[in-house]
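Undergrad: Structure in structure tokens, see below.
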């Protein structure tokens, strides 16, 4: 395309720089054609130029030296200080690496990098001790992790600084010479014997005296004591290895001048074994013997245990006691492997002859001195099946009658007991029925009900009871026989008296007793029954004595007594026609 002078373009640029010095914006203000003549066309645009960072700035410490104070009690791995070197670069170009290049604390301290902040972190690797060293000096170097070779000519891309660490004195608790004290003692040692000694000291410059004690939470039974000044440990009680083989106790060491400073030491006391326990059966054996057992048959294999633990292991020896050696029933064979076998010597064992045998076994251990014990083996004779399995071992089965089982016997006993209970109940009920209905004077009669089995003849009965006689005490009716009851026998009849004794005496007697009861302060507050014995001053029937009737002029005829039989013959002779000659 051929450009004419009319098409010449004029460009005008404007430049904008951002403050971060990494990005610049170039913006043309206007572009016109026709050499800027009027009537030409124009346009505008913008161009952004981005600058990337390079590692062209070395790290620099803002200070040439640092100083930090730390207490000597600061634990291992604790942070002592944080330092940082400045770098004008950004991103990966500003990543740092720190290291200790010189100083007297190379083995005591170490430095690492915090990747987020690019700080150097100084930490403790070993315990500090003011009494050993009071200060440390470290020379620390900071360098870029990735240096750009194009800019090495600008100078070293690293820097160094000095860090001084001052150790401060702290009042520390006493320190034991060993973290653990192993000790041994025999379980046969006497109370008060020395087991061992612990030692602790005050690490501070004051070197305060130390006093010792035992943490009783680790020695609840108080088996041991410790001397407060010397740290000597002794026995306070008898020891038993079978109860507790190892005692782990904690010893406390306190400063005399400052008891709050307490150090702890650990002691492991091992109890050495002695032969102080006799061997015994390993278990409670249930030995059964078949009635058809043959001579030489093994019926039981036994073993033994011992609470002691000899260094060479256990060795037991088995035998029968002297009294049982010559028995004709059983023998014992020591298997030489801490076991023994029980064998039969004969045949023909019968439960009805003897159902249980007791065999004493003598066991000796190999300790020094050796101990022994006698254990009794119980052997039961049983009825066995063809395979030798015990079926019945109860000797009582032979004592029972033939055809009568144990269940039947129990049923019979239960029936007999039931019959005895029923008989006792019947006897008790009969005794209660025979008790007379007699009122106790001290018993409250208001709640007592007396029952009479006497019935009247109903509404038509006018002869059984005469209510008029009950209402009028001055009238006594003639004795009349009841028409609704047939008498068994008519005895002596007496003429009815029409006249009545005056009952004024009885009425007055009752009224006087009633008044006395009303004014009696000791009388009960409720209605009560008062009983009095009073016969009056005389009787219309006069005397009823048989002696007086003999001499009386009664015209009563008693000859009919002779007809009543032999039992009344004596009365017939006394009151009959021949009574005059009876006493002549």
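All positions are counted from 1 along the displayed chain.
Quick reminder: no glycine exception, Cβ is built from N, Cα and C everywhere.
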Undergrad: Please find, within the list 308-337, 338-367, 368-397, 398-427, the residue stretch that TrEMBL describes as transmembrane segment.
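TA: Spelled out, TrEMBL records transmembrane segment over residues 398-427, not the other listed ranges.
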Undergrad: DSSP on the domain 'Cadherin' (62-176): how many residues come out helix, how many strand, how many coil?
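TA: Output for the domain 'Cadherin' (62-176) reads 10 helix, 56 strand, 49 coil.
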Undergrad: Please count the residues of the domain 'Cadherin' (31-61) that DSSP assigns to helix (H, G, I), strand (E, B) and coil.
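TA: Secondary-structure composition of the domain 'Cadherin' (31-61): 3 helix, 9 strand, 19 coil.
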